[in-house]
Amino acid sequence: MSTWSSMLADLKKRAEEAKRQVKKGYDVTKNGLQYGVSQAKLQALAAGKAVQKYGNKLVLVIPKEYDGSVGNGFFDLVKAAEELGIQVKYVNRNELEVAHKSLGTADQFLGLTERGLTLFAPQLDQFLQKHSKISNVVGSSTGDAVSKLAKSQTIISGIQSVLGTVLAGINLNEAIISGGSELELAEAGVSLASELVSNIAKGTTTIDAFTTQIQNFGKLAENAKGLGGVGRQLQNISGSALSKTGLGLDIISSLLSGVTRSFALRNKNASTSTKVAAGFELSNQVIGGITKAVSSYILAQRLRAGLSTTGPAAALIASSISLAISPLAFLRVADNFNRSKEIGEFAERFKKLGYDGDKLLSEFYHEAGTIDASITTISTALSAIAAGTAAASAGALVGAPITLLVTGITGLISGILEFSKQPMLDHVASKIGNKIDEWEKKYGKNYFENGYDARHKAFLEDSFSLLSSFNKQYETERAVLITQQRWDEYIGELAGITGKGDKLSSGKAYVDYFQEGKLLEKKPDDFSKVVFDPTKGEIDISNSQTSTLLKFVTPLLTPGTESRERTQTGKYEYITKLVVKGKDKWVVNGVKDKGAVYDYTNLIQHAHISSSVARGEEYREVRLVSHLGNGNDKVFLAAGSAEIHAGEGHDVVYYDKTDTGLLVIDGTKATEQGRYSVTRELSGATKILREVIKNQKYAVGKREETLEYRDYELTQSGNSNLKAHDELHSVEEIGSNQRDEFKGSKFRDIFHGADGDDLLNGNDGDDILYGDKGNDELRGDNGNDQLYGGEGDDKLLGGNGNNYLSGGDGNDELQVLGNGFNVLRGGKGDDKLYGSSGSDLLDGGEGNDYLEGGDGSDFYVYRSTSGNHTIYDQGKASDSDKLYLSDLSFDNILVKRVNDNLEFRSNNNSNSGVLTIKDWFKGGNSYNHKIEQIVDKNGRKLTAGNLGNNFHDTQQASSLLKNVTQEQNESNLSSLKTELGKIITNAGNFGVAKQGNTGINTAALNNEVNKIISSANTFATSQLGGSGMGTLPSTNVNSMMLGNLARAA
């Protein structure tokens, strides 16, 4: 028993010990696992920090005792390492062992150390020997492979080629697995980088494969909302044309050429929600191929590892990859291709005109777009690979160190790509710049100036109809037209991108000749001198043998020369500074012996300079000095100071085509006829053409170019004291369309107020004043003057002398002084007419008018369309006043006394006006308020005696007539004609002495008076020469005024 008991006790003891040992083992295992997990976390954290800190470095670690010269390709790689951006580090064995153990990478040639991503030389050498395809390309057996390897752009081309191939549909799983390493994802990244070099030789294959992928891309895009046009365009891309491009940058520049800016995200008017939706749609439908390819590989690896491939796991991986893809990155690509397309279409026309710069600019954006597209696509793929790997590691397919390695590799490749982007873009720009240099060497002229020439040719084609019409419009036989081709953005952009901004000008000015509606191929033979020199500010058309128009069709920059200098202001920033050496005046020598028109409206005379080389802000004014010839000239001035020497002939200066403030024309100090000083206010709201310095910025990757250039703007001056001062010599007529003040000389003045409320004062001399539009005040003062109010409510004061006053439209007030012969015509509106002490013709015209003749024998006119007129004649008893009822017969007129007034009204038309002769019956003073003779259209006459002083009843006017014969009636009309002719021939002294005709054209006078008196029609209300400014006396002003009266017939 004891033995059995002892055995049981021993077994029990042993069982308890075993239980204790098991528990102890479990605790040890548990603690070990916990320690292992903790160490793994710490290791992963350390690796993560290392990647973050050193992931942008690539180091080739070589043991000091290692001899790599026997390796095929390794030795050449070491030689090229420096140019490839790989740091070579020689270490002893102990350091190498530590590095290997840091992440368990003893059997791999890529690891992560504190120095960065590390290539271990022995393992790399073995890898190159194992993969003979790679080593043969790297090694010397390929002849010039090492030299190609040393050129970063060739390496980058290879990177883009292989990744383009991957995206083109090559099985991603097989491409990665081909390395055969136990750490599949890590070696996948290494193999990917290694295979880049060998793919240089597969350029044509890559392009063809990529073309297929582009077409697939198009099919996807066609079904995406808002991308149908893009998709259809992409599907039309042909690989055959691309396959001829060869290696390097030219491969890149042939990719994705069909992408346009049709992406929904580019719609500036789209809401935020619309853009977000468009972004998801772009990710899911357009770039879905990348997500699918990477996801397929990750899922395949999970299946091999015996891990779950269920829906949730797949969704996790796919969503991680999708989030790594940024649709916005592709929008910049689309911009480049769209700009290339737009400029390319624009270039076709100008290539035919001898300029291919727009085509070069289009090529640049095409190549820049393909570079951007390639890098963006590759970076997107790499981001997707890294994101998929991270998602897989979350499912325990691989450990965190491997994930970090892959992330580091992809980040490094992306960094190399991005760093290489700038040299690639600069290479393209340099290549285009070389083409420009070759052209200039061949043709011996400035390339960009040739661009302006082409632009001008196109302008002539597009504007021919307008340009050829100027002869007829300005009534000249020939037109000399000056055009400024201003700064061109495409030309400037090409100069900026190629770094040739210092060879560019702000534009170019041209002179063209039109005659009989045709563009002359060359300068007319009679122009023996240089016609136009914008650098000196000289224009000479003095030898022209025909009437000529000189016109600045477009605004012309100020005269002078430009120079430019390109300087670097930052690592990637450059500015091409502009220096202008300007002239202070334009000098124009006009046609000597023929009439000419000078339209200076678009001449820029103000320059506001604020540039990088100016000391603060500078302002300068360019004065115009114009010497006209002996013909009858017209001058339209610009908004700057001018000096006009008109010479012989009847010359007119106009201020009505430019904006100006208060304008004062002063002839009070003139010592000769036609001499005036003019002051124009250009401040406040007045807009003027002003030359300014602007700049245009261009980006070539990171490089930014700023070009300064001259341009112009129509704007307010910004200077409260800005004025223009003109000196006019031998000018016969002046016109303006602003709020003006005209101060005449002691000689004859001809002023046009045009628009605005003007004050025109002729002072001494026989003046002709036109108010034109606006509420104007016209003062003839001394002399025999002609005053025309025009439109608006005007005040016309004839002053002393024999005057002709025409109110025109509006409610006008007309008054004359002295005792001369005057014609006062109210025109339309309710007017007030005040005669002088002399003999006056008062015609109120239409409207309700007030007519007061004053002393002297006055002549009143009334017609059926006149409205309600009141005549107040306050004359002497000896006066003989006459009232002519132009189209009325006494048979249809009732005469009635109302208080002291005498009224005439129609007896069969209640809507006709009433003519009231105020105070007809009023006595008790020395004034005579009666009209001595009242004559109807038939010549029948009523006298004051016929009506008597005791007339109270309403009577038919014809009943008051005495029995008279027809001969007597005709005699009455003849007497009126004589009276009217006397007033007209004396009012205004309309003879033109310098044309040898100081008298009156008797035949014309008799003809026009006969028309007025013998017809039943009315006086015209139009003013002399019409309402405009351009019609002037040609032979006899008297005849013109009579012609106006004739139009009353």
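Glycine is treated like the rest: Cβ placed from N, Cα and C.
Quick caveat, the model's predicted, so the values are computed rather than measured.
Residues or ranges marked as transmembrane segment in Swiss-Prot (evidence: sequence analysis): 154-170 (among others).
Feature annotation from Swiss-Prot assigns transmembrane segment to 315-331 (among others); the stated evidence is sequence analysis.
Taken from Swiss-Prot, the feature transmembrane segment covers 397-413 (among others), and the record attributes it to sequence analysis.
Looking just at the repeat 'Hemolysin-type calcium-binding 2' (761-778), the mean pLDDT is 92. Feature annotation from Swiss-Prot assigns repeat 'Hemolysin-type calcium-binding 2' to 761-778.
Secondary structure of the repeat 'Hemolysin-type calcium-binding 3' (779-796), assigned with DSSP and counted as helix (H, G, I), strand (E, B) and coil, comes to 0 helix, 6 strand, 12 coil. Residues or ranges marked as repeat 'Hemolysin-type calcium-binding 3' in Swiss-Prot: 779-796.
Annotation source Swiss-Prot lists repeat 'Hemolysin-type calcium-binding 4' at 797-814. Helix, strand and coil counts from DSSP across the repeat 'Hemolysin-type calcium-binding 4' (797-814) read 0 helix, 7 strand, 11 coil.
Tertiary proximity for the repeat 'Hemolysin-type calcium-binding 5' (825-842) is limited to same-chain residues at least six positions away from its ends with a CB under 8 Å from its CB atoms, namely 789, 793, 798, 805-819, 848-861, 980, 982-984, 987, 1019, 1021, 1023. Residues or ranges marked as repeat 'Hemolysin-type calcium-binding 5' in Swiss-Prot: 825-842.
Taken from Swiss-Prot, the feature repeat 'Hemolysin-type calcium-binding 6' applies to 843-860. Each residue of the repeat 'Hemolysin-type calcium-binding 6' (843-860) gets a DSSP state, and the totals for helix, strand and coil are 0 helix, 6 strand, 12 coil.
Counting residues per DSSP class in helix, strand and coil order gives 0 helix, 8 strand, 10 coil for the repeat 'Hemolysin-type calcium-binding 5' (825-842). When DSSP labels each residue, the repeat 'Hemolysin-type calcium-binding 2' (761-778) comes out as 0 helix, 6 strand, 12 coil, counted as helix, strand and coil in that order.
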